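Features as listed in Swiss-Prot:
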ACT_SITE  ASP57  active site, proton acceptor
BINDING   GLU9, TYR55, GLU63  Mg(2+) binding site
BINDING   ARG53, THR66, TRP419  ATP binding site
Amino acid sequence: MQRRIMGIETEFGVTCTFHGHRRLSPDEVARYLFRRVVSWGRSSNVFLRNGARLYLDVGSHPEYATAECDSLHQLVTHDRAGERVLEELLIDAEQRLAEEGIGGDIYLFKNNTDSAGNSYGCHENFLVVRAGEFSRISDVLLPFLVTRQLICGAGKVLQTPKAATFCLSQRAEHIWEGVSSATTRSRPIINTRDEPHADAEKYRRLHVIVGDSNMSETTTMLKVGTAALVLEMIEAGVAFRDFALDNPIRAIREVSHDLTGRRPVRLAGGRQASALDIQREYYARAVEHLRNRDRDPQIDQVVDLWGRALDAVEAQDFAKVDTEIDWVIKRKLFQRYQDRYDMELSDPKIAQLDLAYHDIKRGRGVFDLLQRKGLAKRITEDEAVDAAVDTPPQTTRAKLRGDFITAAQEAGRDFTVDWVHLKLNDQAQRTVLCKDPFRSVDERVDRLIASM
């Protein structure tokens, strides 16, 4: 499948600093954030005009699920638009707090852990054909996903009893299973719960929950693009070396703690391989596969960065990727800060800087400041991101959903939507079932909109 439906779900961390004596719980802060949403959507679980889903998840974490996208740049643009949507809610909530005499600054963090050790996720979704052998997908993907943090981790300072140490991944310490149908209880690498949000006879939805939330657009592109490419190769029958891991959960932590990528991890049967070895194998297969594939400039970008990132890790010389890979950008920032102020990695100010890196508010968040200075590369344009706040992808089912929502809201009609259903809640209870996520034109939806 060269054209694939993809999406990203991101849970955001929330905190608030108060200017006066009154304090609010995280639940109350979250309710302030979503008050504007509830006022028009009558719920804290809504679909937006751009086709995305916005809701309040378990533990007072706002969650944004992008609409269905069929290209990497489109997906990164809509992922970034999600940050803008949440930023608007943040600004609105701060104004409400001020009007009610509760002065405070609200912070939304696109990260994966809080100071109490809780974890929240960034989930990638990929449409795969039902006819394929799902167990083979899991078997081949698992070693890839365990070692992918070498090129896609968001970076984290981990406080251990001995000392503070810089790790590749925020999520690695919180994964407890390889493949499972649960998402919160056991936190697997791949979630197997079968909810395709499409024609179940044709498709499955692969739900990857191991990845970090990335601030870097190029890292997001690399994270999703490499996974999509490996999926494409599996579907095409490409043969891979057997890197079945003896213990994926131990391996994912070992990889996260080794910035050189050279520490051997134990494979099934007593063999060993390093994260660099494993990633090199998948990269080599990808380069070979692309020789016989139609050219795609976006995939070319992914493979180019993949190769350069592996070269940088191998040489331990990150100059050629230090504006493109999240954990490298963050580590360089910390090193400059430590050198300037003569401080240890365990200093609380580094922990504050780590958090501020993930602050999504423009003009305040550290990553945004780095981006403005040209220290973090972009692949999106502001105009495209602004448009994506209100406009769905034009090449997928998301267009049908977004157009329907816009028309119903403008006509003042009561409606219900989910990923596959569009329904007018009038006497006729008219519903259109959209089972093909690739389809952006549908006469039934046109008629439903015209009937308003």
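Positions of Cβ are set from backbone N, Cα and C atoms, glycine also.
What Swiss-Prot annotates, mapped onto the structure for a quick look.
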residue	record	Cβ contacts under 8 Å, 6 or more apart
GLU9	Mg(2+) binding site	GLU63, TYR64, ALA65, THR66, GLY121, CYS122, HIS123, ASN125
ARG53	ATP binding site	ASN45, VAL46, PHE47, GLU63, TYR64, ALA65, TRP419
TYR55	Mg(2+) binding site	SER44, ASN45, VAL46, PRO62, GLU63
ASP57	active site, proton acceptor	GLU11, GLU63, TYR120
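Its own atom aside, the Cβ of GLU63 (Mg(2+) binding site) has 20 Cβ atoms within 10 angstroms in the protein chains shown. Around the Cβ of TRP419 (ATP binding site), a 10 Å sphere holds 21 further Cβ atoms from the protein chains shown.
Highlighted in sequence order, THR10, GLU11, ARG53, LEU54, ASP57, PRO62, TYR64, ALA65 have their Cβ within 8 Å of the centre of the Cβ atoms of GLU9, TYR55, GLU63, the residues recorded for Mg(2+), and are not part of that set. Secondary structure from DSSP puts THR66 (ATP binding site) in coil. Close to the recorded ATP site, the chain also has GLY7, GLU9, PHE47, GLY51, ALA52, ALA65, ALA67, GLU68, ALA398: residues not among ARG53, THR66, TRP419 whose Cβ is within 8 Å of the site's Cβ mean position.
In the three-state DSSP scheme, TRP419 (ATP binding site) is classed as coil. Counting every protein chain shown, the number of other Cβ atoms lying within 10 Å of the Cβ of THR66 (ATP binding site) is 28.
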